[in-house]
Amino acid sequence: MSVTRLSFPYGESIQWHSPDQIPQLPPSPFREWLLASGSLTQKLKSHCNQFEVKVLGEAMLPPFPGELPHQGQAWIREVLLCLDGIPWVFARTLVPGAMMDSAQDNFLSLGTRPLGELLFTSGDFTPGKIEVGEFTACDSLAKLIDSLEQESHHPLWGRRRYFSHGDQQLIVSEIFLPKARQLIDRLA
């Protein structure tokens, strides 16, 4: 796996919808993974011997148009969540500048620790509803997937969730990579 020839950020603009607005969600067991209400980090950890976060990049950057309305800059962190050396999830986090002013230390000190541990254990964050999206990767995300040597035979699925911290909200988007879909489908 070599992502060094690519450049951060890798994410792309995705249309997200409430699960009840999607005419056909993927079949089980993948559907349960997509809609799991708890920590995806914990769910992933329970299915491997070694869990690893590979940080692809983090910086103050402008979000995609419509991704985080009314924000000029956001702290954006992109990571791969790997199970036993295999990248399963591409995750993109957007933290508004105002939230960074009040909670900067929480985020900048993460390193290779999963953000899910902070969001679900600190008591400072309240998870919101899950939105889902189905899409075909293009541009940077497609190049990232190619560099991971993962072939996609299906459109990609992802989920997005807002987490409240006081009167601010951050966004976490998690895209299930092709290998994850293949391995989850085998769990049936």
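Glycine is treated like the rest: Cβ placed from N, Cα and C.
Fair warning: this is a prediction, and the values are worked out from it, not measured in the lab.
Swiss-Prot annotations:
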BINDING   ARG77, LEU115, GLU174  substrate binding site
Message: Looking only at ARG77, LEU115, GLU174, which the record lists for substrate, tell me the maximum pairwise CA distance in angstrom.
response: 12
Message: Can you tell me whether DSSP puts ARG77 (substrate binding site) in helix, strand or coil?
response: strand
- request: Going by DSSP, give the three-state secondary structure for GLU174 (substrate binding site).
  value: strand
